[in-house]
C-alpha cells in the first residue's frame, strides 16, 4: 500500500473566479448585491471535448457480492455491450453507473440489461444524468457572499502523506499492531456471519488467540525508518501562490484543491529523490510549456516518477507529459532538452542513470498502462534482496522499502516450511522477487503476472542469478492457476505451496476458486498490503465445500505484520492458511466403498433382528 498521488482525467471547468453582480436598483435607489454568480457544474461536458458522462445509465438491484471484473465480463462479453467506463460506488452497493460512447450504445445497453437476471437478481437499467464537476460543485458550495471561495486546508502535506510521523517509531509499531488486531477480529466476525458451519472453529480459535481467529505475532519493524522509499510518483502543478511545484497534491480534486506542495519536509523521501525532484522542478519552471491542469485539461507536464536503488545508487526518472496537439518536431525538441538537463553535472552528482519519456492521456480501449519511451542511459535499475540481483523496469512492481522487503520475504519463507520436495506457486509474481528468494529452499517455482514487462524482468533475473528451477508466465492469474498446478506435476511424496501477493483490491473470486480446487495444495501464504481489503478473500478461503469450491477450506493459523511503510498508517500482513491433505481418487473411492458396505451390513442386521423378534413373539403366543 503506497501513498502515491492520484493522477486522473478529471472534468474541465469554467473560470473558478466568482463574480459579484449588481442587482437592479430598488425604490430607494441604492444598488443591492445579489448572491455571487455560480460556475456551471456541467460546463466540462462541452469544454473537455468528448465525455462519456453524456451517455450514462444506472443499473439497480445488483447482487450483494460482485466484482468489477465480473461486471465487465457480464456487460462486455455475455451481453456484447461496448462500455466506456464502469463506476462502482462502493463494494456491495446495489447500484452502479456505466458510461457509453454514444446514445445508440446507451439505448442498446438499457434494452439488454433491464430485466436480465444475474446471480438471482433481476436487474433494472435506466438513463442517468451526468455527474456535476466535483471541483466546481465544491467551490459553489463554499462561496461566501462576498464572492471569495472559502475552502480551507484541513491538513498539511506532512499530515496527509505521513500521518504518523509525529510519533516515535516504537509508538508507530504499537499503533499498527493494534490495527492488525482489529483487522483480524473483523475477519473472525465476517467468517462468523458468512460461514455458519465454521462458527465452532472460530470460537475455539478465539479462546486460544485473544479473541482472534488465528495467532497474531509481533510486528516486524523496518530496518530503515527515514528516506526508505525507492519509488514515488510526483504530481506537477502550482502551489497556493501560483508557483510551479513538483511534489504531492494537498487534498483532492473533489474537495476543491489543486495545489501541489514540495516533498522537502517528508521523512520517508530520501535526499537523493528530493534532489531529483528539485532538479526537475527547475526545468519545468524555465520551460515554455505550462503544467497540466486537471481543471481545464490544458498544459503539458503531468507527472514525474522517480525510482532509486539502495544497492547501486542508480536513479531512474520517468517524465509524464500530456502531448496535447504538439507536433512531433516539438515533442522531439522537448525530449532532447530533457536529456540535456538530466545529464548535466548536477544530475551526475545525484546519480541519474536512466531517463524515460511517458505519454499520459486518457486510456484507450484495452489499454492498461501509459506508454513509455527510453531516452537515455540504462534501461533498468538493479536492486538486491537476499544476495540476489533484480532488474527493475519503469512500470514493474517492486516493494518500495527494500530493507524491509528482505524481512517480508524471509518471514514468508519461514511460514511456508518448504523442503526440496516442495513446489511453489507464485501468484502475482511481479519481477519474481518472492519466487526467486524461495528458489533455493524448494524444488521449483512457477510464477504468473499480468504485466508482460515484469515477466521479462523476472525471467532475466532468474538467468542473471543462475537460478534454473523457476518459470514465469505472462497472463491473468484468474485464468492460469489451474494450468500452473498442472505444470507443477506434484507427485505423491511432494507438496505444493501457494504464495499470493495481490494488488490492494485482492484476488478475484475465480483465483480463490482455483486455489481451493487445486489438488495437493495444502498450504497458502497470503501477503496483503491492504489487510482490510483482503478480509473477503480470507473468508472465501474458509468457506465450506460447495459445487464450485470442491476443495476443502483453508484455515488461518498464523498472522505476522511487517512494516514496510514507516511514518504512515500502513503495514503488510502475512497470513498462513493450511488445510488437511486431500485424499487421492483411489483412497476416496475405497473409503466410499467401505462406508457403503457398513450401511448395507447395518441394514441387513436390522432386518435379521426384526425376523428373530417376530419368531420369539410367535412362540410365546403358542
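Cβ coordinates come from backbone N, Cα and C, glycine included.
What you are looking at is a predicted structure, and each value in this text was computed from that prediction instead of being measured.
Taken from TrEMBL, the feature compositional bias 'Low complexity' covers 1-11.
According to TrEMBL, the feature region 'Disordered' maps to 1-37 (among others).
Annotation source TrEMBL lists compositional bias 'Basic and acidic residues' at 14-37 (among others).
Positions annotated as region 'Disordered' by TrEMBL: 129-148 (among others).
Annotated compositional bias 'Basic and acidic residues' per TrEMBL: 135-144 (among others), in sequence order.
Positions annotated as S-adenosyl-L-methionine binding site by TrEMBL: 399, 449, 501. Close to residue 449 (S-adenosyl-L-methionine binding site) in the fold, though at least 6 residues off in sequence, lie 428, 429, 430, 455, 458, 472, 473, 474, 477, each with a CB less than 8 Å from its CB.
Residues or ranges marked as active site by TrEMBL: 529. Using a 10 Å Cβ-Cβ cutoff, residue 529 (active site) registers 20 neighbours.
Annotated active site, nucleophile per TrEMBL: 529, in sequence order.
For 579-622 (among others), the entry in TrEMBL reads region 'Disordered'.
The annotation compositional bias 'Basic and acidic residues' is assigned in TrEMBL to 590-622 (among others).
Note: the Cα of residue 501 (S-adenosyl-L-methionine binding site) and the Cα of residue 529 (active site) are spaced 8 Å from each other. Taking only the Cα positions, the spacing between residue 529 (active site) and residue 399 (S-adenosyl-L-methionine binding site) is 10 angstrom. Spanning the residues 399, 449, 501 that the record associates with binding S-adenosyl-L-methionine, the maximal Cα-Cα distance equals 15 Å. The record gives 399, 449, 501 for S-adenosyl-L-methionine. Within 8 Å of the mean position of their Cβ atoms, the other Cβ atoms in that chain belong to 397, 398, 428, 429, 430, 431, 433, 434, 527. The Cβ of residue 399 (S-adenosyl-L-methionine binding site) has 24 other Cβ atoms within 10 Å, all protein chains considered.
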